[in-house]
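What Swiss-Prot records for this protein:
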type	residues	note
TRANSMEM	10-30	transmembrane segment
DOMAIN	96-325	domain 'ABC transmembrane type-1'
TRANSMEM	102-122	transmembrane segment
TRANSMEM	145-165	transmembrane segment
TRANSMEM	198-218	transmembrane segment
TRANSMEM	257-277	transmembrane segment
TRANSMEM	307-327	transmembrane segment
Amino acid sequence: MLSFIARRLGLLIPTFFGVTLLTFALIRLIPGDPVEVMMGERRVDPQMHAEALHRLGLDKPLYQQYLDYVGNLAQGNLGESLTTREGVWHEFLTLFPATLELSLAAMLFAGTFGLLAGVIAALKRGSLFDHGVMTVSLAGYSMPIFWWGLILIMLFSVSLGWTPVSGRLDLLYDIEPKTGFMLIDTLLSDEQGSFLDAVRHLILPAIVLGTIPLAVIARMTRSAMLEVLREDYVRTARAKGLSPARVVFVHALRNALIPVLTVFGLQVGTLLAGAVLTETIFSWPGIGKWLIDAISRRDYPVVQNGILLVATLVILVNFVVDILYGLANPRIRHQR
């Protein structure tokens, strides 16, 4: 197992450097002068223009810019925002709990209902429920997030008034941000009703963000269950007279979860990409909205290093999933 982990760690280093190079190149491939883009329509004095280029290090050769960039990363220096003058790392840590809370709620929604729908669809193969799950999952996977979010807002927030339209908490509550996780902070506070209000604010964004992962998990679970149910050990378990529930949940589902676990890891990238739109639609103060606001303000350091941090997070999560996959499937550990 240690050699398996070492091999996976060995792949992290070139992957990370590839991400830094890609991030560095993409920012510099944007058309136009970065300083003029950041200044917008304001006229820029040549001296101020030169000072801005020097401050950003953009007056150096590209290779030197990249070496400086990697050197600053090695020192933990991600620069500071051009608009707030706060450190990029500080802003990321401040806003990350909001995105993590939303992502965990979305994965809880997707995992619970996706696994349940996939298992039942496999057990009732060819039934109306099975066809319904396949159709709905295909629609959920194909549905644009922004359109789905607006539909739910119109229905549950505007028409029925069941859920709030935006934000994480009603302005009536004044909660001290101890952890950054609103559900935890409201539980720790003395303000009655704040926790339920935080849950109401979380429901719609979590459903919107979790719809695509739910569709993928449901289809993958159904496919994996159908394959496992045809295995000899499942037939043997049935022949021994084991209860249907024990056959399904102990013998079949446990083995079917191995490929589903991989899908969970792959959905992290989907969640972070979807969070950009979801947080913008619901004015959710997380990493996605932070990056969108930085792009609109032409905040060069935030865009560059924010994208790098998100990409690094995806790499680390996939690394953890690889390790869990190796623990669940010994054959993977011994592959060279």
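Quick reminder: no glycine exception, Cβ is built from N, Cα and C everywhere.
Among the listed stretches 10-30, 145-165, 198-218, 257-277, the one sharing the most Cβ pairs under 8 Å with the transmembrane segment (102-122) is 198-218. Non-local neighbours of the transmembrane segment (10-30) in the same chain are 37, 62, 65-66, 69-70, 73, 300, 303-304, 307-308, 311-312, 315, 319; each lies 6+ residues outside the stretch with a CB under 8 Å from one of its CB atoms.
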